[in-house]
Amino acid sequence: MESLSEVSVQFSQLSMFPFFDMAHYLASVMSAREQAGALDIASHSPMASWFSAMLHCFGGGILSSILLAEPPVGILANTTNIMLASAIWYMVYYFPYDLFYNCFFFLPIRLIAAGMKEVTRTWKILSGITHAHSHYKDAWLVMITIGWARGAGGGLISNFEQLVRGVWKPESNEFLKMSYPVKVTLIGAVLFTLQHGHYLPISRHNLMFIYTMFLVSIKVTMMLTHSAGSPFLPLETPLHRILFGLRQNQAEVRESPSSSGAKGKPSKKTLDKDSGEQSNKKDK
């Protein structure tokens with residue numbers, strides 16, 4: 001048990017720059033390139049393609065800055081990270097013969113990059129919660145919101161990113177149909193906020209280690225099995241019925257008598273047919 005605690009302490013002291021940040025930028029830009037029409041945008045409007053890729057990479061920082069009334073352009077002050085993400089964007093889109101993209105499209109490399117990106121998600125959630133706490137002391141909702149925005153900002157602002165590429169899909173709003181990364185980030189923001197308020201009997205470094213291992217294992221499993229659904233679905237369905245299905249059940253109960261009554265009544269077509277047969281009998 002002590003060895004596990006030591007491992008979690010050392011894990012919590014990992015530096016995200018440069019390797020984990022590079023993996024995050026690589027996975028984000030690869031995801032941006034695989035969007036419909038992304039290559040056409042890159043060939044006709046490189047500036048729009050670059051801005052779209054930067055939203056994928058730094059969307060969490062931009063969204064959290066907007067929510068805290070801070071200048072969103074402050075992300076540009078980190079010149080080193082911007083240049084690193086821009087270099088990866090250029091090589092993914094414009095490297096001769098797509099050698100860079102095809103090299104990192106190799107599944108084992110993509111698994112490593114995706115796993116490292118999930119590690120950065122934990123650090124982003126924590127940094128968002130800490131940053132929100134410095135502005136609003138022990139404001140739970142603010143801390144959860146900023147941690148959620150910092151960790152899943154790229155998904156939460158996906159509609160704006162689509163507008164940059166000239167696409168408008170309001171039905172793809174994350175608030176209407178949350179994707180797995182957005183859901184699991186919200187859960188992480190709640191857990192780390194509770195831990196920050198000492199309402200969870202677990203140390204921060206242990207929670208970081210357990211949560212990150214969960215993220216990495218689920219992400220790798222989903223990529224290996226080519227699963228696009230949420231692993232939380234078996235829990236979401238019964239919970240939704242229990243918490244939000246009451247009105248739906250009442251509506252079904254109200255509709256059932258009318259439907260059963262309708263079954264007992266003869267249709268208009270049947271009545272017309274019967275009346276026609278009776279008139280024919282009279283003529284005979």
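Here the Cβ of each residue, glycine as well, is placed from N, Cα and C on the backbone.
From a predicted model like this one, the values you see are computed outputs, not experimental measurements.
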Exercise. Is it the case that Swiss-Prot assigns S3 and P201 to the same side of the membrane?
Worked result: yes
Exercise. Which listed range (45-68, 140-157, 179-196) shows the maximal number of Cβ pairs under 8 Å with respect to the transmembrane segment (80-99)?
Worked result: 45-68
Exercise. Are the transmembrane segment (205-225) and the transmembrane segment (140-157) close enough that 3 or more Cβ pairs fall under 8 Å, when only pairs 6 or more apart in sequence count?
Worked result: no
For this session: With a Cβ cut-off under 8 Å, give me the same-chain residues at least six positions beyond the ends of the transmembrane segment (205-225) that come close to it.
Result: 5, 7-9, 11-12, 107, 110-111, 114-115, 118-119, 121-122, 126, 180, 184, 188, 191-192, 195, 231
